[in-house]
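Report on the structure given below.
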Amino acid sequence: MSMRIWSRSSSAYSAIARSSSWFNNSLFSSCLLRFYSNPPKKTKKNTLISLRKSAETANEKFIEKINKEHQLFKPGQIVVDLGCAPGIWSTIAARHVGLFGRVIACDIIPCRLPENSSMIQGNILSMEIQLEIAKAAIRSRNSFFRNQQDHNSASIPYLQSVFEEERDTKEKAKIEDLSADVIMSDLGPPFPMVQGFEFWISKLPYLAMQTNEHLAVKDELDSLYLAQAALLFAIKALKPDGIFLCKVLESSHLRSFAEDLSMCFKCVKKIQFKTKIKDELYAVYFCSGKQLSCHSKLLNI
C-alpha cells in the first residue's frame with residue numbers, strides 16, 4: 001500500500017492554506033465590522049461627562065437669553081457672582097463687561113476664570129469673605145482710575161499713592177463701598193465632577209459641599225436660606241440702579257421671599273429654569289431698581 005506524503009509544494013496543501021488564510025481574514029474582518037458597527041458601552045464616567053456638558057450648555061444658553069432680553073451685562077461693569085463654580089455665568093459676564101469691567105466670583109469650590117475676573121474661595125455667609133469681595137471691587141475701581149491718568153508707574157509718588165490706597169482699602173473698606181452693577185446668586189449644590197485635573201484641585205471642598213451639614217444644600221429650605229443671605233448682601237453691596245439675579249429652588253416657601261424682593265426692588269420678574277442634572281425646577285428672580293428705603297429688619301428673614 002502506497003502512502004502519499006503531503007508537502008508544501010503539493011496542490012492540496014496549497015488549497016488548504018488558501019482556504020485557511022481566507023477564513024482567518026474573514027474572521028478578522030467580521031470582528032472589525034462588529035466592533036465599529038456597535039457603539040461602545042456607556043460607562044458611569046462617560047454618562048457623567050455628558051450630563052455635566054448638557055447642564056453647562058443649558059446654563060450658558062439661559063444666562064445668554066436673560067442678557068439678550070434684559071441687557072444684564074454692559075462694558076465696564078462690576079459684576080459679583082455668588083456660587084460661581086464651575087464658572088459658567090462668570091465667564092459669560094467677563095466676556096460682556098470687557099477689559100474695563102471686572103467680575104468678582106466667590107465659591108467654596110475653586111474654578112478657572114478669564115483674566116478680567118477675580119476668584120475668591122470661601123463661604124459667602126462669612127463677613128470676612130464679603131469684605132474681601134468689597135476690597136476686590138475697590139482695588140479694581142482704583143486701578144481703572146489710575147490707568148486713566150498719565151502717570152509714570154515706576155515713579156516714587158505713584159507707588160506711594162498705590163500703597164496708601166491699599167492701606168486704606170484694608171483698613172476702611174465696607175461692604176457698602178462695593179457698589180456693584182450686577183449681583184448674581186446661584187448658591188446651590190455643586191456640579192458633578194469626574195476624575196481629572198479639575199477634580200483633584202478641588203476634591204476636598206467638593207466633598208465638603210456634599211457631606212458637611214453646614215455647607216450641603218439638601219432641600220428647598222437650604223436653598224431659600226442661601227437666597228435670603230444673598231439678598232441681604234445685595235441690599236448693602238448693590239448700586240441704586242443695579243440688578244440682582246437670584247436662583248433658588250422652587251417650593252411653596254417662596255411667597256415670603258418674593259414679598260421681600262418686592263419690598264427691596266421696584267421691578268421683580270420671575271423666570272423658571274429646569275436643570276439637566278436632577279431634573280429640578282428653579283425660580284430665577286430678576287430684580288432691578290433698588291428701593292433706598294429697604295431695610296433688612298423689615299424683611300421676613
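Just so it is clear, glycine is given a Cβ too, placed from its N, Cα and C backbone atoms.
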Exercise for the section: Can you match one of ASP107, ASP168 to the S-adenosyl-L-methionine site that Swiss-Prot gives for GLY87, TRP89, ASP186? Expected result: ASP107
Practice task
Do me a favour and check the Cα-Cα span between GLY87 (S-adenosyl-L-methionine binding site) and LYS247 (active site, proton acceptor); whole Å is fine.
Solution key: 15
Problem - Cβ-based neighbourhood (8 Å from the centroid) of the S-adenosyl-L-methionine site, residues GLY87, TRP89, ASP107, ASP186 excluded - result: ASP81, LEU82, GLY83, CYS84, ALA85, PRO86, ILE88, SER90, ALA105, CYS111, MET184
Handout entry: Spatial separation of LYS247 (active site, proton acceptor) from ASP186 (S-adenosyl-L-methionine binding site) - C-alpha basis, Å
Key = 5
